[in-house]
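Quick look at what TrEMBL annotates:
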BINDING   15, 16, 17, 18, 191, 339, 352  FAD binding site
BINDING   80  7-chloro-L-tryptophan binding site
ACT_SITE  80  active site
BINDING   348  L-tryptophan binding site
Ligand SMILES: Cc1cc2nc3c(=O)[nH]c(=O)nc-3n(C[C@H](O)[C@H](O)[C@H](O)COP(=O)(O)OP(=O)(O)OC[C@H]3O[C@@H](n4cnc5c(N)ncnc54)[C@H](O)[C@@H]3O)c2cc1C
């Protein structure tokens, strides 16, 4: 059992997006007489490469009482309505499919019948792109301005949920400003040692200047430095490297290639990985994420230049990572969040979205337990967090189930095993329509799941993974009096 009743000092070690967001959430959770302190080192710095949020981003801002319009103004965020995957099938520049953030209450998602979505099944059966029904999709394709996008959102003229593209440096700076105004203490020091008691609970941080910062509860938000998890508190590392080959990222900035910031993140397949392009207000945050087994850092830089046709300057050193996560992120009196808890290539931009889920679930457990948390509740919390990582791994693995074979990297991708869950999902969608049931196992102990089956369908259909005939039996089973609705829907589509 862990009792947080009567605790006085909570320390968040790390002042990146994860650290400041967690501090703001904990400020709301704990009473005013509990000190919340963020300890970070500006000398070490934070990660900021041009990031994109997921569907839970706006709700996360709301949960810490941040005004949406102020956030956009202060962080120069741009609207994000999903992803565009380029070159993942043929390798050609005009080879594109989209994974938009389709609203789960949009017209095609509203009608669920015997577990599947007849209107999606009808589009699949007729080989019609799923984007055809989406109100507002033309704004993406036509590179609409931010103003046009804002008006469409305000007028509810889109079937798309909005998230944001942003610069993590600006977000961390903005969250820090809000945190300082809400009685959160900030300390800029390098932590050298971490002290524990005989139960293994962390009791203090020791700085470079030998100052002792005593604490009752610690949040490890130290990014890829992972100062506490796996070193001071035990946790098992679960590597994804057998399924996902990418382990290097080379970030840089580039000018906007289009007139307006694109409303979607671009993921452009390259010879040994892919390039992200995240449109910010005044520039694009970009980078090549690749497999070090297939290309050297120098050749990766050259490939970027060849692709873009102009020189670029890397924004920072190459980032090295092993894809994977820690299985236990709440151990004793330490909660680990953000990059410290795990990281995979930014395909589908899951990192901040996943961190938000961890913090939401932690808050839920503390409120529901009134601060007296059983070992069981902590075990379930960790299990649900691990399941969320499995959801990310399975979903990302599906993206690589693509037909490209033109380089050694893409040939090796084809030889890489499927994850067990994705294999099971794929087997079913050869003979029937995808349904919510297929992703329900990702919901565990208060977790919402990051991706709806509609998200899975957009990628699966984009990659041609569902044969049109697979859904025939689902469509035939629809009651005769409802079949006209399917016909009317197909006739209404903009194709
Ligand atoms: C290539 C790449 C692309 C990404 N793209 C996306 C994306 O599209 N979408 C998305 O959601 N996420 C993305 N991410 C992840 C995203 O950048 C992070 O999740 C987010 O910035 C939060 O990082 P963090 O706060 O966990 O860590 P960081 O920003 O690294 O912060 C770590 C903090 O710990 C402090 N620290 C570390 N060690 C010590 C010490 N000894 N003493 C004191 N302080 C210390 C540092 O000073 C810093 O303040 C991407 C990441 C990478 C690498």
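Heads up, the Cβ atoms here are built off N, Cα and C, so glycines get one too.
Annotation note: the residue listed as 'L-tryptophan binding site' sits in a coil segment as assigned by DSSP.
The Cβ of residue 16 (FAD binding site) lies under 8 Å from the Cβ of 40, 46, 47, 168, 172, 221, 223, 338, 339, each of which sits 6+ residues away along the same chain. Residue 80 (7-chloro-L-tryptophan binding site) is 14 Å away from residue 352 (FAD binding site) when you measure Cα to Cα.
There are 29 other CB atoms within 10 A of the CB of residue 80 (7-chloro-L-tryptophan binding site), with all protein chains counted. Residues from the binding-site residues list (17, 191, 348, 352) with a C-beta closer than 6 Å to any atom of ligand 1: 17, 191, 352. In sequence order, 221, 223, 337, 338, 339, 340, 352, 355 are the residues of the chain that are 6 or more apart from residue 18 (FAD binding site) and have a CB within less than 8 Å of its CB.
Reported as a whole number, the C-alpha separation between residue 348 (L-tryptophan binding site) and the residue listed as '7-chloro-L-tryptophan binding site' equals 12 Å.
If you draw a 10 Å sphere around the CB of the residue listed as 'L-tryptophan binding site', it holds 23 other CB atoms from the protein chains shown. DSSP classifies residue 16 (FAD binding site) as coil under the three-state reduction.
A 10 Å cutoff on Cβ-Cβ distances gives residue 339 (FAD binding site) a total of 23 other Cβ atoms nearby, all chains included. Across the structure, residue 15 (FAD binding site) and residue 80 (7-chloro-L-tryptophan binding site) are spaced 25 Å apart at their Cα atoms. Look at residue 339 (FAD binding site): DSSP puts it in a helix. A sphere of 10 angstroms centred on the C-beta of residue 191 (FAD binding site) encloses 24 other C-beta atoms. Same-chain residues at least 6 positions away in sequence with a Cβ under 8 Å from that of residue 17 (FAD binding site) are, in sequence order, 46, 51, 168, 171, 172, 175, 338, 352, 355.
When the Cα atoms are compared, the residue listed as '7-chloro-L-tryptophan binding site' and residue 191 (FAD binding site) turn out to be 36 Å apart. Counting Cβ atoms from all protein chains shown, residue 15 (FAD binding site) has 28 others lying within 10 Å of its own Cβ.
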